[in-house]
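Chemist: What follows is a structure written as structure tokens; I'll ask about it next.
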Amino acid sequence: RFWLNSSPNPSASSERPTLPNLSFPHTPPTPAVTMAAEQSAEHFRGQARLPGFAAPRRYDLRLTPDLAACTFAGSVSVSVDVAAPTRFLVVNAADLDVSPGDVHFAPKGSGQVLLPVEVTSALEDEILIIRFNEVLPLGEGTLVIAFQGTLNDKMKGFYRSVYELNGEKKNMAVTQFEPADARRCFPCWDEPSFKAVFKITLEVPCETVALSNMPVVEEKVNGPTKTVYFQESPIMSTYLVAVIVGMFDYVEAFTADGTSVRVYTQVGKSAQGKFALEVAVKTLILFKEYFAVPYPLPKMDMIAIPDFASGAMENYGLVTYRETALLFDERHSAAANKQRVAVVVAHELAHQWFGNLVTMEWWTHLWLNEGFATWVSYLAADRFFPEWNVWIQFLEESTTGFRLDALAGSHPIEVDVNHVDEIDEIFDAISYRKGAAVIRMLQSYLGAEIFQKSLAAYIKRFAYSNAKTEDLWAALEEGSGEPVKTLMHSWTKQQGYPVVSVKLKDGKLELEQTQFLSSGSEGVGQWVVPITLCCCSYSVQQKFLFRGKQDDFNLSGLVECQKKDDFWIKLNVDQTGFYRVSYDEELASRLRHAVETNILSAADRYGVLDDTYALCMAGKQKLVTLLHLIAAYKNETEYTVLAHAINTSLSIYEMMAVAAPEELVNMKKFLIDFLEPFAQRVGWDAKSGEGHLNALLRGTLLSALAELGHQSTIDEAVRRFNVFLEDRETPLLPPDVRKAAYVALMQTVNKSNKSGYESLLKIYRETDLSQEKVRVLGSLASSPDPDVVREALNFLLSSEVSKESGLYICAPRSDCSSA
Ligand code: BES
Ligand code: ZN
């Protein structure tokens, strides 16, 4: 089959027209422009958005995948509302075969069926331009299109994933539509604001499980195949539609109000779904309360997919996950894996409200979806697992956001998006991590209760509809009476963030803000900074908005406080603000003392270190100041703070290896002296009844010592590893220290002695647990010998390592630090 008129867009250029108005539905164009007679197919090319003269109301979608041939056939019948005169219908479609005879339009009540005179596919724009001879009657009509496609292996659109069943390789059919790949499965209005109802029907082999967003209403068996009819969905965006066909087992539980929650896994692995199931049930209950709206669908299915492009995807009622983000094996998963599962589940379920029920109006507002889900996933994890101290761990999210946003090439949280190719670029640390951090900053400025109430009002107001960033600000401004818009615009519409310099002069505090750039130069940005500060004690906290470039503040009680021996001032209390602070020498040394004597909160201890490190890397402070500060953490008790000190130290070490190799020996000694006492306390074996954070710390510490080439750590690792190699169930190598042991083992590997490398490959090949595979892959390149590193990298790119495992290691959102 061939496209009619299939031609690339002749007018495409690298310069995309910018949208004059980001609000949508478009303000109606002038009558002169809409005059149907003046329309031509060329008008629709090179546009950022589909024309607004016709919109879908209901899709009746039928798909017949052929799992053996990796193809599918489909037909879609769309109820369309024609709102302005037109001779054209324009829909998204890509990589689909449509014949001219496969398209028709039936205006409602006319008894007529209109056949198009021309169907043009504009490849660059991923649209189908359907031209009729006459102007379509206003009002409702049905557009019917039959099509065929390939179950591709690109992990997007309607694709195939491979799994093993009884030793045999099998294909499953899976969809991944966000951001703009529903169009690769069926022709549609593939933009988030074109919400419609979906009625889905699948024709599949009898023995398979067929899943979609809604529950099954009926199944009809016809020979070797069955037709599965799903319930009609509430109105939703195309990027959230999902379909899955394959062989699975599941575990099931119910929420108090009777919503069925299931976790689907490979056949025989359903026990690994239990932890995620528990978290999901609790999360649905929590979010119902938090958003003050019940979960909108009758069921929630969650499923692990062997080949999956991201970590997880929040399809409405059918959330898909990479195996490592959903499955938990009591004997072989690590504490870090458990936390990852809990956080990812909470994140995706948050989207069911924030994203699915209330959807961003356009991709410019993607950060609202992702930043918010990221923030609220910590809120849920903190509620269910308070002993994990996840709000301290959240600071790692901020740090990653800080790092990207300190580059001149960063971008604002809100960005214009004028072409589909630009959407993928913004699923990054700015949307996710800076987004989450500025939401946290706002929540802490407004107060938890006001924030939650205003949010619930926002969800209610925009349910089954679309919203923009400003709509959220408006709801929060109404709920709080605070100037939310002015405050937040400075954070979402300009890139970067400030460093606030603090000086103590004549009993006054002098503040100055400049844009922080990791290059060391000063940017021109200026922010409305919600300053919080404590002076000598946490019992009184001062708060104010710092809008200017420079200002003096009279601090009440400052003079008294200054007389004390252990005088200190800390800005950005508990690190809830997205800014850095640079203290004058006196204040900095006072803070170091406060760290040493454990007077500061854990979050503040993290902040002092992180800000000093960043300032040092930007050339604003001396390395010795930083090293001196690191030494002040020798009695650190909080996992995240110590882990940050370790990571900071390792990055200094790596930098020195290049910049000052003659100092490396001294540096190594300094770091090992710092880490050894901790490692002795924590040991290799779990203490009975010890907490989650201890388990995380053990892995982090031993990995660091292994990376530094600490001989006794390496020897012990190798000893334990050899036992493990013979007996994978040995208690000598519990999951929390395996990654460390693998890294240590790789320190002993070189060109002429590759046995450690071969043993790791053996483990990789023999395990059927993805988390174990990822641990091996993440360790293989830890050899000091470049030839071995090259071999490891080639292995990562080989066909033996599935597409996704390679992605996992370098994906911007992946949790690379996890065990
Ligand atoms: N909506 C995203 C999935 C997604 C990412 C779709 C990129 C298309 C492109 C999902 O909600 C998500 O954010 N997943 C994260 C995991 C999350 C816990 C941070 C991911 O995939 O990394
Ligand atoms: Zn998300």
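Glycine is treated like the rest: Cβ placed from N, Cα and C.
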Chemist: If TrEMBL gives H347, H351 as binding Zn(2+), which of E323, E330, E370 does it give for that site as well?
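Modeler: Site partner of H347, H351 for Zn(2+), according to TrEMBL: E370.
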Chemist: Among E348, E370, all listed as recorded positions, which has the most CB atoms within 10 Å of its CB?
Modeler: E348
Chemist: Roughly how many Å lie between the Cα atoms of H351 (Zn(2+) binding site) and Y432 (site 'Transition state stabilizer'), rounded to a whole value?
Modeler: 13
Chemist: Including all protein chains shown, what's the count of other C-beta atoms within 10 A of the C-beta of H351 (Zn(2+) binding site)?
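Modeler: For H351 (Zn(2+) binding site), the 10 Å Cβ neighbour count is 25.
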Chemist: How many neighbouring Cβ atoms, not counting its own, are there within 10 Å of the Cβ of Y432 (site 'Transition state stabilizer')?
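Modeler: A 10 Å sphere around the Cβ of Y432 (site 'Transition state stabilizer') contains 25 other Cβ atoms.
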Chemist: Mind giving me a neighbour count for H347 (Zn(2+) binding site)? Other Cβ atoms within 10 Å of its Cβ, every protein chain shown.
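Modeler: The answer is 27 other Cβ atoms.
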Chemist: State the Cα to Cα distance, in Å, between E348 (active site, proton acceptor) and E370 (Zn(2+) binding site), rounded to an integer.
Modeler: 10
Chemist: Setting H347, H351, E370 aside, what same-chain residues sit with their Cβ within 8 Å of the center of the Cβ atoms that define the Zn(2+) site, listed in sequence order?
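Modeler: Going along the sequence, the neighbours come out as E314, E348, A350, F354, G355, N369, F372, A373, T374, S377.
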